[in-house]
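TrEMBL annotations:
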| type | residues | note |
| --- | --- | --- |
| TRANSMEM | 41-58 | transmembrane segment |
| ACT_SITE | 439 | active site |
| DISULFID | 505-534 | disulfide bond |
| ACT_SITE | 576 | active site |
| BINDING | 664 | Ca(2+) binding site |
Ligand code: DMJ
């Protein structure tokens, strides 16, 4: 046999122990002496052995490699395992079992998209909030170690029987039922696990409470020309937003660009229920899918608790109740959890700013105080979240705010516009106003009382009645010539100033709603008089649009009963007066209020409509030079156009005010029966 034909063999020890030339020769000799058939048999056996060994090794390694690959992909791209759900028909209310079962099969990895790496959170040393917000003024959940839990717990929670699937050990999860935790622990628990409700994933929790979930409502769309005109205005606004600002907070309709505030797609979320009520199915579906797939809260960015509550939490909850789509409630619950750090103040009065990503909260950058209207205009939404999810913590924290504010000293029921979250007290000598920073405190006293079933002797309604008495005695005045009624302010809490924000024009609507619910006739008289004055703030100007702030004459020596300072002459497309007209029409059925509204709607059409939407104006006092300001705020879609649409409805009970209560951003939420 030639050398080149040698086969390297490994035979049992002994025979191959020698590596010298002699050994190799004798081995070759022995091999050559074997009969051919025996040599073939040995070769065959050895080959079969080698192939078997090779196959076993490769198989294991291949399986291990593919598992590793899947795991790495799951970490890098948590969406890749997400099951795509079919698009929901907004007017079809899917069988909840089917809907939620689909939701429940979403893998643990799919529950992670908003989760940031644990060690990335609560970087206590890495926060610069400006002068006022030193490290001591920023609150966070203190137990840093606990922050690493959510990812693990999500996986545990999704395993039906509470088995630790990570370690593959059948060990029950030791967790107290959420109701057995004390309130502070419940608060911490919700903050640590924003993707959880009651200790399990939000979706699993909602599945558990399925019989309690909303069924959804049906709306038929516009039924007359005025309503159709409003729908056209909505579509025009929406088209501009879609084209130039999709996914951003607001549209700049003049420069045809986007405007960012909190990075939460405010216009989309704020407009959801308006589209649903107007029967704009296609637009609603598109917005719904954006919320489902693209609305994420875990960005490290400060947001304002009040604004995000009334616009985003309120918008999601309203969309959920109207459509019956639990995706909205899932989002609302996560957002509610992420807003809870605001309540970790020493007094329980919430801080104004929350970081939804790192779950910290602090006072505004410009002041140590929160605005009174802001901390008292979150209750409808947080309570509704509790009632909708059957988890009490949200309602508990805002009830505590009610109690605290109720206990504080007031001026005939009227409140200063600033309050300190650390001390829980009003700022001394702060202005008293039913305009900016004070307005919706009064609105929510009444509306919360309605929301909770109108209990007699409830502090909310007692405080409301006392406050309206204070308005009548301390803030209400008449102009010298026309006797127009207006609501002024108390500077330093005592000096009267004849200044009224457009914001105050919500009050006639709230007053007539209160009267409808049993408040005295004096409230109705004030409501009517003030509605007339608010109308005048529009009609006195050639544009038929109201300025942001109006002043009123104190004596007849002044030239006009109503006057406007140049810096206050802007119009931001605000809704308050249209909102009040809506309540007057819905409660009385008198179509005069529709006609008043139609005049103003046409004024917006004439002066605020531009190619890409509707814009705020710099000056309502000159129809030839309105100075376009270039912002379409989300409340144009959530409130102004919604109230116009409902005002022009042939059915004044298109939204039944016995069953629904509008939050401060125009989002209807259900009225609940009184608790027994
Ligand atoms: C809205 O965001 C709400 O109505 C809020 O309560 C006050 N201001 C704006 C609209 O003007």
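Glycine too: its Cβ is placed from the backbone N, Cα and C atoms.
Nearest to residue 576 (active site) in space, judged by Cα atoms and limited to the recorded positions 439, 505, 664, is 505. The local packing around residue 534 (disulfide bond), expressed as other Cβ atoms within 10 Å of its Cβ over all shown chains, amounts to 29. Contacts of residue 505 (disulfide bond) defined by a Cβ separation under 8 A and a same-chain sequence distance of 6+ are given as 530, 534, 537, 546, 576, 577, 579, 580, in order along the sequence.
The two recorded residues, residue 439 (active site) and residue 664 (Ca(2+) binding site), show a Cα separation of 10 Å.
Checked against ligand 1, the recorded positions 505, 534, 664 give 664 as the ones with a Cβ under 6 Å from it, listed in sequence order. The DSSP secondary structure for the residue listed as 'Ca(2+) binding site' is coil. Non-local contacts of residue 664 (Ca(2+) binding site) by the CB criterion (under 8 A, 6+ apart in sequence, same chain) comprise 310, 314, 377, 380, 440, 443, 444.
Mapped onto three states, the DSSP output places residue 534 (disulfide bond) in helix. Residue 439 (active site) counts 25 other C-beta atoms within 10 Å of its own C-beta, drawing on all protein chains shown. All chains included, 24 other C-beta atoms sit within 10 angstroms of the C-beta of residue 576 (active site).
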